Amino acid sequence: MSLTSVLSADAIANALKECKAPDTFCHKKFFQTCGLTKKTSQEVKNVFRILDDDGSEFIEEDELQFFLQRFSPSARVLTESETKKFMLALDEDNDGKIGIDGTLLLRLLGLISPLQAKKEEPFCTQRHR
């Protein structure tokens, strides 16, 4: 399975374009632009499995820095700062890994807010439509 079997190639290209410059990546905006927030829970899980490079059912920090390249091999690597912020925003139990169960799935689908999940996200403070 490929990402384009779940997300459109145009939407992926647009999402990558929005964060082309270093330190411009915002996971909320990226997920919205690529269309992930409009997918079913099963489709989100399928995308997660594709992004889980080692098949561990978790995305670790070393995998996360190559997040954009999983969408396009020519995309840039996330900066150290972006990687750490991304991990902090989605690592629910602070174990250094992101899993797809629990409130993360609901947050990715936009069904609950970070405050409802009792975790504030430390970046992406701009409002995105």
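Placement of Cβ uses the backbone N, Cα and C atoms for every residue, glycine included.
Unlike curated entries, TrEMBL annotations are predicted automatically.
Look at TrEMBL and you will find D52, D54, S56, F58, E63 tagged as Ca(2+) 1 binding site. Annotation comment: TrEMBL describes D91, D93, D95, K97 as Ca(2+) 2 binding site. Under the heading domain 'EF-hand', TrEMBL lists 39-74.
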For K97 (Ca(2+) 2 binding site) and E63 (Ca(2+) 1 binding site), determine the Cα separation and express it in whole Å.
10
Determine how many residues of the domain 'EF-hand' (39-74) DSSP places in helix, in strand and in coil.
20 helix, 2 strand, 14 coil
List the Cα distance (Å, whole number) between E63 (Ca(2+) 1 binding site) and D91 (Ca(2+) 2 binding site).
13
Tell me, how many other CB atoms lie within 10 A of the CB of D95 (Ca(2+) 2 binding site), whichever protein chain they belong to?
10
